[in-house]
Each structure stands twice: as structure tokens, then as C-alpha cells.
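Summarising the annotation, Swiss-Prot assigns Zn(2+) binding site to CYS330, ASP332, HIS489, CYS504 and lists sequence analysis as the type of evidence.
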Amino acid sequence: MTTVHDLSSDTMTTAADRAARAIPPVWPLASSVAVNPFLGQTEEHLAQVSARLGRIGNVPVTMPPAHYAALIEDGTITDDDIASASAASRIDNAPDLAEIKRSAAVPFDRPEPHSTIADLAARMSGIDWPGILADRFGHWASGFFDQGQALWAAPRRRGAYDAWRQTATHDLTPEITGLTGFAQFVSETPDTAQEARLRAAKRLGLDDDMLETYLHQLLFSLGGWAQVARYHLWQAELSQTTDETIADLLTIRLLWEEALFLQYEDRIGDRWEATKTAHAQPVTPQRGEIINAILQEAWEHAVQRDLASTIAAPSPERGEDRPTLQAAFCIDVRSEVFRRALEAVNPGIQTLGFAGFFGLTASHKSFASDVDELRLPVLLNAGVTSTSTGENVTAEQTARFKARAKRAWGRFKLAAVSSFAFVEATGPIYAGKLVRDALNIGSDPHDYGPAPVLDPPLPLDAQIDAAETILRAMSLTTDFAPLVVLAGHGANVVNNPFASGLHCGACGGYAGDVNARLLAALLNTPDVRAGLADRGIDVPSDTLFLGALHDTTTDAITLFAKDHPSAAHDAGIAQAETWFAQAGTVTRAERALRLPRADGDADVDLRSRDWAETRPEWALAGCKAFIAAPRHRTAGKSLAGRAFLHDYDWKKDSDFSVLELIMTAPVVVASWISLQYYGSTVAPDVFGSGNKLLHNVTGGIGVVEGNGGTLRAGLPWQSVHEGEGYAHDPLRLSVCIEAPREAMTDILRRHDGVRALFDNRWLHLFALDASGQMAWRYTGDLEWSEMARDARISDDLDAAG
């Protein structure tokens, strides 16, 4: 007999909200960005999260012990690394070196997750209730969340709970498979989701102590569907409102539990009571989970030692002359390779790193489109609106008519009546189109439309404020070159549902060309320059800013020179295009060494047009460090396309407002990227989106493997694995900043969320000293420890001298 507890509505609502916030959001495919899969667990350390996720889904959060054993065997991880990692864990009765090394040599038996009622019913009946539930829920959710892929839109006006009830009362599949009277059960549920949750909780005998992990488990079992709903809540809260979709999904999942319990209570009652007792116990990591977390940290210490050695190597002498060309790129790790190659082409070239949205949080309408593209970090709201309408009204109207005709034709092809006849009648006509598409004939992937403009324009004072803020954040206030290129980045691929994930994360999953062109226009405005001069930023009259786009798939640079025609700069622009082309050749050759089946730089370009290519580029695979310092600290040093590089000169940042911006925005975005790759590598079945070869796009929002079921979020397996080995080492990001420790400590003290990332080791923080070396390690609780000068670093420096 189930014990009934007096559970209040407020308690249940609070628990449901906590469960919702334990789920990370996922953005739609059209504007997908990397998301930290551990977003709801950053207040806990790795071993604790291992225990929590193990309880609800047997989710690994580190590599298996054998992985670390191999690194110990080959000398990558030293005894000192293990000892320092163990000390950093701050765990009472921490395992000693011998115990840790013994544990690395044997497999760790992870405890089984607690069972849901669906799991218990499946064991008792032999019916795959979790699978049936996933199938029926996915069938409904793909229609409810559809963003235009379906021909008929599902009703959403009254929310997810009401929409599901309307569908479930007519879906006989659960009853056919053995859940007697399910449609009738759904029809008799309370009219509001809140009442239904409370009724189900009381029938199941839930109490306060077990709600935290049990409700989290139910949402977790819905996979990407819960993450889509969490995205709706995220977007609503950015607009200072709220959204009940994820709470509705929790209610639906809880009602499935209630229905199954009513049918199988006499057979699973005792087991369910034991499960409730287990859920009520504190979440405590096992010894093996603690040791795995220490081994993970030891590996990161080893990598940090090598990073310190690279940064400590001598840098080339800096010239005092005015730069011939300045090129600002996104901090994205893919820019590191190109920047290094470009600087090697000509010593007069200076490159800079800055967030790829270039400080302009734009809601943009592309040419002949009314769709609002949020080209900004997902942590922020739009601050300006822009459009690429252009002055040619006739051309825009023609483009709109063509787009409408294309949409109508597409719907005709997919309609129930016409689809089969269409294939029979017109299939041969498409042979020519297939050939043209395969050979890239007759299309212009580089048609970026007219120059974007702010609409409405900002007042002059606001323009000057924005320009000053951005230039100071870039540490670019003096020594301007005659030509300053602002290069956003994007990707150029075909037949790839994840194309937006290859674009700029700081631009919300869009390319960064619009933001770069908007900033160039702002900085070329004479009145803005006059205002900047009054504020101590004197831009020479012969300096021209140009927007550009760095295609990270082909490493081609497109300069938008027509945005700002200048005969005086024609020769300089032509020379810059030559330098960019030379740097692109060098970059492609280096990237080809990492890409499977790529023999040289020519193969890199071909991959972008190959329909069957599952790895057109590695995107941010391999990312391991974030460095905010003057460029000369890293110039001439190969970071192998694995470091985010943000220019920052703390001596120009008197109030440390730029430092605060870096630590609370770009660093957080980089952590989302790093931890998405981490999660998709250590737990690909949970935090990854599976095999690209099996993907089907559903609803325009995400992918499923096969023809339905759970929505898959995260990175595809092909994005972290090259077929024979890992393309990404799952390492938590090492953040290296050249700034006073006191200033960083003060920022951490005022930003609890950022501090939690460092205190709980989701990120590592290092302070660079006056010589640019990694000198201090942040150890948590606003404390720092001085780093010992590693012998290998000394040897490297002596050899270099």
C-alpha cells in the first residue's frame, strides 16, 4: 500500500521549478548555439554531479578509468599532477596516490540509476513502457514544438498540457500495447497542470525529500524535448516574463507514471516504496566517483603544465611602426590558426581577438525577409535593430515573390494528395538540379545582400557611446592602421542540419558578417570619430574600417569593400586580399593535418560542398584554453587552434569594467562551448545527438535518430570522434587572464554564478604575471596559490635562450 503524504501545492510548484532549472536549454537548429549540459549543476563539484546524474540516469561525467590509466602509463599524467589534483579536491579523507593509481587500473562499476514507475512496470510486465512512452511523447511533441516543417500547425494557444490532453484522449496506442483505459484516464485528469501534478504526486505518495531528484529524473528522461521547453522558459525570462511549457511537460510525464502505477500497483508497490526511500537519501558520491574526478583534474593539470610552457616561450620582438593592417577576429579557437598564419605573412600585420558579435547586440532582418535574427549572445537581449533592405525596392519585392513561390512549391511537393504524384511526374526534371548542386553551378553562396543599417538609427550620442565602449573593450584606442578589418565568421556547408552550430556562437548561431559591417559603418561615420576624439580616442583620418567574413570551413576571407568605397584605399585593400589568400592557404594546410581523409589544403575546400561529408570542419573540437592578454603574449606561438584569444590590456582598463565584461560574458560563453564538447565526449549517449547518418530533422527544431522518439541535443558523434579516436580531449577550460588578482577576486565576489564555475572547477582560472607567465592559480573561495615553476618550463626556456 502506497504511503500518502500531505504534499502542499506550493511545495510541489517549488520542486517542479527546481527540476526545470536542472535541465539545460537547447536552441532550434536555425540558430543553434553551444549549451553547457551541466548548466543546472554548476553549484556542485564534479564528483557530486556524477552521483546526482548517476542516480537519475547512470550518466558518466568523466572518461572511464582506463583512459586515465593510459595517460599515467605514457607519462602524460605524473604523480605530482595526481597529488596536486587530490589536494585541490578539498575532500576529507581524500584517497592517497597509491589508491588512486590502483583504482585507475580497474573498471569502475557505476551504481544502477533509481527506477521510474515506467521502469518497474516494464520489468514486471515485459512491456517496454519507457520505450513506448518515449515514442508516444515524441510523436506528440514533434508536432507541438514544430517551427514550420509540418504542413498543419498543432494547436498551442492553451499550452502544452491542454494540447497533449486533446491528443492523448484519441491516441489508442498505449491501450493497444497494454495500458488499459489510458485515454479515459487522461480525459479525467484535472483541467490545470498544477492540479494534475499535485494529484499525481499524492497518488504516488511523493514526499518533500524525494522530489528533488525524482522530478529531475522525469524531465531528464524526456531528453531534448525537456530542453526545448527549457529554452522557452529561458527566452521568456530574458523578456521579464515566464513560460509554463516545461512545467506542463513534467506534468505529462508524471501522469504517465500515475497511469502505470494505477495498473501495476499490486505488483510494484514494494519496489516503489524502496525507490522512494532511495530518492530521499542525500546525494553522496562514491569512492570511485571521487577518484575519477581527481584523475580528470590531474589530466587537466598536465595539460595546463604544457600550456604554461607554451605561453612562457619567448615572443617575437614587437615593431614600433604603425601597423600596415589590423584585422580583428572572433575569439573563436578557429581564428587562432588563421591569425597566426596572417601575422606570419607580413610582420606589419597586427591581429586582435574580440567577441564575434563586435559589441552590437542586433536583432536583424535580412534582405527580403521579415524574420528577426537575434545576432547576439544568448545571455543578452537585443540592443539595436537592423535591416539589409537596401535601396533597390524592386529587387527586394522580386526576391520576396520568389521566396513565396518557393515556399508554396515546397508545400505542394509535401502535401498528402500531391506528394506521390509529384515524384512520379517531375522526378526526372530534378536530375539537372542534382548535377548543378553537386558541382556548385549556378548558385552564389557568397551573396550576403546589401550593407546592413541600423533601423531606426541610434542618436549620435548613443553611437559615440557604443563606439567608445567597443573600442575600449577591444583595447584598440591608439595606433590605428590605415586599414582595419573587422572579420566576423561563419561556415559554408551543404546538407548539414547542424550548419548554424558552425557559425558564430556569440552571434546566436548566425554568421558574424552583419555585426562586423554594422560596426565598420559606425566607426567610419565622421561625427562619431569627432565624438571619439573628444573622449581621447583619436582615429586617424586615413583609417578605413571594413567589415569582413571569415569562412571557417574554407578559410576564405570576404571583404565588404563596396560598403565603403575609397579610392585612396584600393591598393591597400587589394594587398590585404592577397595576404588573406596566402594566410588561408597556410591555414588550410594546417587544418588538413587534423581532418580525416584530407591530403592538403585543396581537400579542405571540397569538403564544404560534399553532401556526404559528416566532418566538413572540426569547429571548436579540441578547445582547452581561454587567454585574455595583449596579443604579444601569444604571438608566434602555436596554440594549435585550441585556444580562445581575447585581446585585453588591463593597464588601459582603469576601472576594470572591461575585465568584468570579459569574465561575465565571453568567458561564460566559452565555458558553454567547452562543456558541450566535454559532455558530448564523456557521455555521448546522453549529452550528444548521436550518429549523423541516422538523423532526421523533426519540426525544424532538432534531430531524432530514426523515425521518432527522443529529441537528441548536443553534438553529433562525428563532431568529437574522427572514426578511430577522439578528436576532442574532454578538458574543462583553463582561463588565463593578465590582470591583477585583486581585480579578478572582486569580480568573482560580485558575481555568484561566475564564481561557482571556478569554485566548483567547471573552469580553471589563472593569473598571468607581468612577464606574461601563468603565475597564480585560483583555488576557490576567493583564494589563490602561487604556481611552482615547473622544471620542464625552465628547461624549455633555457633551451630557447
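Cβ from N, Cα, C; glycine included.
Of all Cβ atoms in the shown protein chains, 29 besides its own fall within 10 Å of the Cβ of CYS330 (Zn(2+) binding site). Mapped onto three states, the DSSP output places CYS330 (Zn(2+) binding site) in strand. Sitting within 8 Å of the Cβ centre of CYS330, ASP332, HIS489, CYS504, and not among those site residues for Zn(2+), are the Cβ atoms of PHE329, ILE331, ARG334, SER335, GLY356, GLY488, GLY490, HIS503, GLY505, ALA506, CYS507, GLY512, HIS550, THR552.
Cβ neighbours of CYS504 (Zn(2+) binding site) (same chain, under 8 Å, six or more residues apart in sequence): CYS330, ASP332, GLY356, PHE357, GLY488, HIS489, GLY490, TYR510, ALA511, GLY512. Around the Cβ of HIS489 (Zn(2+) binding site), a 10 Å sphere holds 27 further Cβ atoms from the protein chains shown.
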